[in-house]
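Novice: Pasting in a structure now, in structure tokens, and then I'll have a few things to ask.
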Amino acid sequence: MAQRIFTLILLLCSTSVFAGLFDAPGRSQFVPADQAFAFDFQQNQHDLNLTWQIKDGYYLYRKQIRITPEHAKIADEQLPQGVWHEDEFYGKSEIYRDRLTLPVTINQASAGATLTVTYQGCADAGFCYPPETKTVPLSEVVANNAASQPVSVSQQEQHTAQLPFSALWALLIGIGIAFTPCVLPMYPLISGIVLGGKQRLSTARALLLTFIYVQGMALTYTALGLVVAAAGLQFQAALQHPYVLIGLAIVFTLLAMSMFGLFTLQLPSSLQTRLTLMSNRQQGGSPGGVFVMGAIAGLICSPCTTAPLSAILLYIAQSGNMWLGGGTLYLYALGMGLPLMLITVFGNRLLPKSGPWMEQVKTAFGFVILALPVFLLERVIGDVWGLRLWSALGVAFFGWAFITSLQAKRGWMRVVQIILLAAALVSVRPLQDWAFGATHTAQTQTHLNFTQIKTVDELNHALVEAKGKPVMLDLYADWCVACKEFEKYTFSDPQVQKALADTVLLQANITANDAQDVALLKHLNVLGLPTILFFDGQGQEHPQARVTGFMDAETFSAHLRDRQP
């Protein structure tokens, strides 16, 4: 008897195990989003911890995590570093696996305040979920100035970290500006004026006077930096608006064009004349007069300094940090003054000879300025188009540098030319992928002629209009990698097209994931994408024919033959 019971148990277990072997190949093997990414939260006064327990074989996208407070003020969230994941269509993305804990600092929360948390993830098998949104109720939190002060600093540091260069770059830019054709030829003249025409000053005295002149110039720039940083605190939000970013991009493009010599930007000549006369009235050779000379010189913007100075001012305005604003422009002025100090002490023998190379330095700064519009527009047009703009800028710069280097006669410049040419070829790759990829995509999209639907009513109407023909509904989204793989590799296959020749093809694009999209997914009981549904001539779905996850052309063709009603 015991042997029979044991045999019966083995039969039952083996039946459950082997039943999976006969499941439909397109049947969903994926868990709901709440199981794939188990979300939880815990609040303790100002401290809130958001946690995700991520199922093995699934991952969350770092850039898709968004937190929006309602009737509450929070510090900018500091997302931890993830691991890199790469796919064919979106390149490298940071993702989280296993477990994610995100601490959030609540500065103030009124009664009934909430936090809206949005996140999105995928499975390694090529199945992506629509963005998930959770509402976190917050306990009332009274604003604490002492607690919020460090948060303000961290926010400023975060804004600064996102900027294209650090404050120390201002020193290098200042040194570089000193070697432009508008500035370098003036240094011997300025040196003579600063020393008051006295030829027998000691080295220490000459160095002291020049240093005082540079400090006067730095004072003007530092004050300008403080003013712009203070204004930036009020207009940081405006600096993130798309229209403002586009406007600034246009302005800096024009400034770059001025560095290329298309036109000249400087103070009105009448104002420059007045400032120059004021400077000339000061007594050279005396510390007080030299300091005033430097302060006035800081107000006279030459055509070569206008564009770089404007770029640094934008950097300061974005940071909103008073110390950073003053310090950055102080370093900029110090960089411009270092060559002057060297010339004053050691004479003109350290001064390079004037020539076409100075115009080339000016042009190179034009390309540096052009990087700012790309940096600004990248926030508006997205990473893909941003990469293409960086590629175009790289091709233009390295191409110009290569052509310019051809004028050199020295043998070692041949190595530099090879490096520049190689850099230009590497830079053009994203543009090449875009050009060939766009053509290929356009061709692929014409292979299957989908009728677009949006709502449940439109789906029902399309099923009625099918008039007895079988219907295939493809659920697609731009954020679904496997959906794009279906478009590129599966739907373009002639065998697949032939198998679908007598089928009405519908497609719902749920990229926006709005209320209508959510209602459609709920109506169809769809967990995520890609999902392809098949309906018979009476408009009834065949659940066994449903496809979830990517299938190549051969597998999908076999599925159509075996499963399509």
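Cβ coordinates are placed from backbone N, Cα and C, and glycine is handled just like the others.
Small disclaimer: the values here were computed from a predicted structure and weren't measured.
Okay, so Swiss-Prot annotates it like this:
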- CYS122-CYS128: disulfide bond (DISULFID)
- CYS182-CYS304: disulfide bond (DISULFID)
- CYS480-CYS483: disulfide bond (DISULFID)
- 434-565: domain 'Thioredoxin' (DOMAIN)
- 1-19: signal peptide (SIGNAL)
- 163-183: transmembrane segment (TRANSMEM)
- 208-228: transmembrane segment (TRANSMEM)
- 243-263: transmembrane segment (TRANSMEM)
- 296-316: transmembrane segment (TRANSMEM)
- 323-343: transmembrane segment (TRANSMEM)
- 357-377: transmembrane segment (TRANSMEM)
- 384-404: transmembrane segment (TRANSMEM)
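I'd like these features described in context: how deep, what's nearby, how far apart.
Specialist: Sequence-distant neighbours of CYS128 (disulfide bond) (same chain, six or more apart, CB under 8 Å from its CB) are GLN120, GLY121, CYS122, ALA477, TRP479, CYS480, VAL481, ALA482, CYS483, GLY528, LEU529, PRO530, listed in sequence order.
When secondary structure is read from DSSP and collapsed to three states, CYS483 (disulfide bond) falls in the helix class.
Listed by sequence, the residues of this chain that lie at least six past the ends of the transmembrane segment (384-404) yet keep a Cβ under 8 A from its Cβ atoms are 360, 363-364, 367, 370-371, 374, 377-378, 417, 420-421, 423-424, 426-431, 434.
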Novice: Note the mean pLDDT of the domain 'Thioredoxin' (434-565), expressed as a whole number.
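Specialist: Averaged over the domain 'Thioredoxin' (434-565), the predicted model reaches a pLDDT of 87.
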Novice: Count the residues of the domain 'Thioredoxin' (434-565) that DSSP assigns to helix (H, G, I), to strand (E, B) and to coil, and report the three numbers in that order.
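Specialist: Across the domain 'Thioredoxin' (434-565), DSSP assigns the residues as follows: 62 helix, 24 strand, 46 coil.
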